[in-house]
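Going by Swiss-Prot, these are the annotated features:
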type: DOMAIN; residues: 1-130; note: domain 'C-type lysozyme'
type: DISULFID; residues: Cys6-Cys128; note: disulfide bond
type: DISULFID; residues: Cys30-Cys116; note: disulfide bond
type: ACT_SITE; residues: Glu35; note: active site
type: ACT_SITE; residues: Asp53; note: active site
type: DISULFID; residues: Cys65-Cys81; note: disulfide bond
type: DISULFID; residues: Cys77-Cys95; note: disulfide bond
Amino acid sequence: KVFERCELARTLKRFGMDGFRGISLANWMCLARWESSYNTQATNYNSGDRSTDYGIFQINSHWWCNDGKTPGAVNACHIPCSALLQDDITQAVACAKRVVSDPQGIRAWVAWRSHCQNQDLTSYIQGCGV
């Protein structure tokens, strides 16, 4: 599923993402935009450690989920990676919350550091009534 911008903003707000661990809704929206273009079915293979990033937040199989093919995978979210590709983003949101509960928080995502950190993010939630 490819979310419309405001549809995703409202959905993330409903899931309690706005202000979770001090991270504003606009930051989550910016992250999702640059990681997946709001697409729940996005995947990206990393040849370096043979891991894959999954879903709307591009959550990595080395640390967070199990895809059955990543060497030395940890599966800290205790889910199959396929769960991160569903139209229903409940499990993706729960796992993203787990990711940012670690000390580095949202800085775990390279795309956030590259495109969202220290930027004006108002456009990501503008006009969405959130």
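Using N, Cα and C of the backbone, Cβ positions are placed for all residues, glycine too.
Values in this document were obtained by computation on a predicted structure and should not be read as measured data.
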(request) Starting from Cys95 (disulfide bond), work out which of the recorded positions listed here (Cys6, Glu35, Asp53, Cys65) have their Cα within 10 Å, and give them in sequence order. (result) Cys65
(message) Helix, strand or coil for Cys116 (disulfide bond)? Use DSSP.
(response) coil
(request) Note the mean pLDDT of the domain 'C-type lysozyme' (1-130), expressed as a whole number. (result) 98
(request) Quick one: give me the count of other CB atoms within 10 A of the CB of Cys81 (disulfide bond). (result) 26
(request) Name the one residue among Cys30, Glu35, Cys116, Cys128 whose Cα is closest in three-dimensional space to that of Cys65 (disulfide bond); these are the recorded positions. (result) Glu35
(message) Rounded to a whole angstrom, what is the C-alpha distance between Glu35 (active site) and Cys81 (disulfide bond)?
(response) 16
(message) So, three-state DSSP: helix, strand or coil for Asp53 (active site)?
(response) strand
(message) I need the CA-to-CA distance for Cys77 (disulfide bond) versus Cys30 (disulfide bond), whole Å please.
(response) 22
(message) Cα-Cα, whole number of Å: Cys128 (disulfide bond) versus Cys81 (disulfide bond)?
(response) 30
(request) Kindly report the helix/strand/coil residue split of the domain 'C-type lysozyme' (1-130) according to DSSP, in that order. (result) 51 helix, 16 strand, 63 coil
(request) Filter the disulfide-bonded residues Cys6, Cys30, Cys116 down to those whose C-alpha lies within 10 angstroms of the C-alpha of Asp53 (active site); answer none if the list is empty. (result) none
(message) Cβ atoms within 10 Å, counted per site: which of Cys65, Cys77, Cys95, Cys116, Cys128 has the most, among these disulfide-bonded residues?
(response) Cys65
(message) Taking only same-chain residues 6+ apart in sequence, whose CB is under 8 Å from that of Cys30 (disulfide bond), what do you get?
(response) Trp112, His115, Cys116, Gln119, Leu121, Tyr124
